[in-house]
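Novice: After the structure tokens below, expect a handful of questions from me.
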């Protein structure tokens, strides 16, 4: 029995032993994660093998990798920022409707726009409507009025003109006042002009001055009396406030005429251009020496038949209406733009320098007849405008020559100013 059972046991197949020996992966399929890990491991191993072949130290390779990554990130950042900026600009353009776009025409029209706006603001402050705006210029034409008198002395053939007073003059100065004076002259010759004294800071000056014109009664009817009110300006051209004209053939000289007349806007008469002259002034106080250098002239009036002139310059040193010294330049033939560069010196003590006048006259030389004056100008005591500035600059800069251009004036007008302002 024992032998039989033992024999059966030896004859039976070893099932359990076979089952334990078989591996699990032989009976179950591999998972996807495990396949990817194997591929990555192989790629990593291959990359490291190639990396070890490069003849660079590991730290250098790491630095190169970092720089490459930074470059890529920078490019991405710039691209994103540019896209966002374009979107913002488009939105702003749509919202604002192109208000920020200013062209050259807008810039050029800026001044005009501001001026128009200022006028509108003025109208708003005064409460004017559009309909009233058209009538406003008529009210602005009120320039004040002037009282005068006229008489004729038949025994002495003299026209007597009295300038009595002015009233309601407009304010032309910054302080809300004016410095008025009156010019009186006869047309058409304008040879003799008179001026009243300047009354400072007033709109209602009282003059009470009389002027005399020597005119035969037979010639008086063809003349017109002009009375013009000016605002005196020490450092620039005097502004005309207004004027009026009185034809002499409309005046009854059988009695004295005295009346008020409203001032009207002055007619813009084109003054005959006589030319310009340039000269320098230099004063040395310690030596009492005044030096005048006549440099050049330009655009002189044509005096000769051929359309040219033979100009030369006279320089007079004057005080209290008296000629103290006289000098003159050489004659420049056939030219309207002469160049001189000639120097003249005068002895003027320091205590007298503010009391003298330098009168510069440009004349046309004539061999046969009288030398005709082209134009004239004076600097020094009682000068005004550009002439006063030139004189003041000379005194403010002793020992230094100060050159300046001056516009020539009619000889008779300058002589009248010199005679009145003694």
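In case you wondered, yes, glycine gets a Cβ from its N, Cα and C as well.
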Novice: Looking at 129, 330, which is the one Swiss-Prot tags with phosphothreonine?
Specialist: 129
Novice: Which residue does Swiss-Prot record as N-linked glycosylation site, given the choices 25, 341?
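Specialist: Matching 25, 341 against Swiss-Prot annotations yields 25.
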Novice: Among the residue ranges 113-142, 383-412, I'd like the one that Swiss-Prot describes as region 'Disordered'.
Specialist: 113-142
Novice: Cα-Cα, whole number of Å: residue 173 (Ca(2+) 2 binding site) versus residue 372 (Ca(2+) 5 binding site)?
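Specialist: So the Cα of residue 372 (Ca(2+) 5 binding site) lies 39 Å away from that of residue 173 (Ca(2+) 2 binding site).
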Novice: To the nearest whole angstrom, state the Cα distance for the pair residue 364 (Ca(2+) 4 binding site) and residue 230 (phosphotyrosine).
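Specialist: Here the two Cα atoms lie 32 Å apart.
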Novice: Within 10 Å of each Cβ, count the other Cβ atoms and name the one among the binding-site residues 173, 304, 310 with the highest count.
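Specialist: Of 173, 304, 310, the one with the most crowded Cβ is 310.
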Novice: Around the Ca(2+) 5 site formed by 304, 364, 366, 372, list the extra residues of the same chain whose Cβ is within 8 Å of the site's Cβ centroid.
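Specialist: Here the nearby residues are 303, 309, 310, 363, 365, 369, 371.
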